[in-house]
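Annotated in Swiss-Prot:
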type	residues	note
ACT_SITE	Cys146	active site, nucleophile
BINDING	Arg21, Arg126, Arg127, Arg166, Ser167, Cys168, Asp169, Asn177, His207, Leu208, Tyr209	dUMP binding site
BINDING	His51, Asp169, Ala263	(6R)-5,10-methylene-5,6,7,8-tetrahydrofolate binding site
Amino acid sequence: MKQYLDLMRRVRAQGTPKADRTGTGTLSIFGHQMRFDLRQGFLLVTTKRCHLRSIIHELLWFLNGDTNIAYLQQNNVSIWDEWADDNGDLGPVYGRQWRAWGTSDGRQIDQLAEVVRQLKQDPDSRRIIVSAWNVGELDKMALAPCHALFQFYVANGTLSCQLYQRSCDIFLGLPFNIASYALLVHMLAQQCDLQVGDFVWTGGDTHLYSNHLQQADLQLTRDPLPLPQLLIKRRPATLFDYRFEDFELTGYDPHPAIKAPVAV
């Protein structure tokens with residue numbers, strides 16, 4: 001994952017100091033792209049230990065269309081706690097938009113089910129896109145979508161994905177986001193009888209928080225290690241029937257974890 005460290009170096013060298021919604025302050029650049037070959041290993045950062053269990057549970061939660069943190073809390077995943085209301089609700093965030101986008105005439109669109117249909121029936125389509133950026137519901141969301149839109153592309157039997165992330169917390173958020181979408185590509189490839197291809201990440205406001213700079217500098221002293229391998233042990237009936245125990249990671253021997261505060 002040299003690309004990730006190169007991005008961090010770029011922001012440290014060229015980033016502009018900016019104020020932000022959280023009041024923390026950032027070093028920020030605008031516009032950056034990274035390309036990863038998913039065939040080379042599972043995209044989990046090795047220059048610090050990442051919490052794959054949380055990544056898997058969060059993705060399963062998204063895929064279930066859930067927007068209440070009860071499932072996450074039951075599985076000891078706390079990454080959304082700071083934004084939930086007293087009832088654990090987050091409003092119409094990712095899961096709602098992915099699985100039940102509301103239309104003006106009262107219908108609901110399951111964008112991910114449509115992705116599966118298109119990948120199987122019309123894989124050359126240029127419209128295999130999922131958006132979480134529902135302008136009409138942004139004011140109801142506890143947190144506006146950071147990873148806002150993603151598109152799939154099939155060529156020569158391989159499945160690739162490009163994500164546009166309008167706002168990116170490089171140190172804490174980005175390793176989660178990359179691994180989550182890599183996992184989704186692996187799941188969709190299995191469901192649609194494809195091989196994994198590339199994951200392309202495109203960032204808008206791409207930043208290091210001012211209270212993450214020392215941690216970033218420490219991470220930049222470390223050399224990337226070999227990527228782990230992902231095994232999906234079962235092929236469920238649909239994309240929405242995967243369980244946590246279906247996934248096994250082997251060969252993950254990263255550098256030690258580096259703690260940093262979350263900007264809320």
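Going from the start of the chain as shown, residues are counted 1 onward.
Glycine is treated like the rest: Cβ placed from N, Cα and C.
Considering only the binding-site residues Ser167, Asp169, Ala263, the residues lying within 10 A of the residue listed as 'active site, nucleophile' on a C-alpha to C-alpha basis are Ser167, Asp169.
For the binding-site residues Arg127, Ser167, His207, a Cα-Cα cutoff of 10 angstroms around Ala263 ((6R)-5,10-methylene-5,6,7,8-tetrahydrofolate binding site) retains nothing. Cα of Arg21 (dUMP binding site) to Cα of His51 ((6R)-5,10-methylene-5,6,7,8-tetrahydrofolate binding site): a span of 26 Å.
Taking the Cα atom of each, Tyr209 (dUMP binding site) and His51 ((6R)-5,10-methylene-5,6,7,8-tetrahydrofolate binding site) are about 20 angstrom apart.
Using a 10 Å radius centred on the Cβ of Cys146 (active site, nucleophile) and all shown protein chains, the other Cβ atoms total 18. Taking a C-beta cut-off of under 8 Å and a sequence gap of six or more, Asp169 (dUMP binding site) has these contacts in its own chain: Cys146, His207, Tyr209, His212, Ala263. On the backbone, the CA of Arg127 (dUMP binding site) and the CA of His51 ((6R)-5,10-methylene-5,6,7,8-tetrahydrofolate binding site) stand 33 Å apart. Taking CA atoms as the reference points, Ser167 (dUMP binding site) and His51 ((6R)-5,10-methylene-5,6,7,8-tetrahydrofolate binding site) are 21 Å apart. Just so you know, of the binding-site residues Arg21, His51, the Cβ with the fewest other Cβ atoms around it within 10 Å is the one at Arg21. Look at the Cβ of each of the binding-site residues Arg127, His207 and count the other Cβ atoms within 10 Å; the largest number goes with His207.
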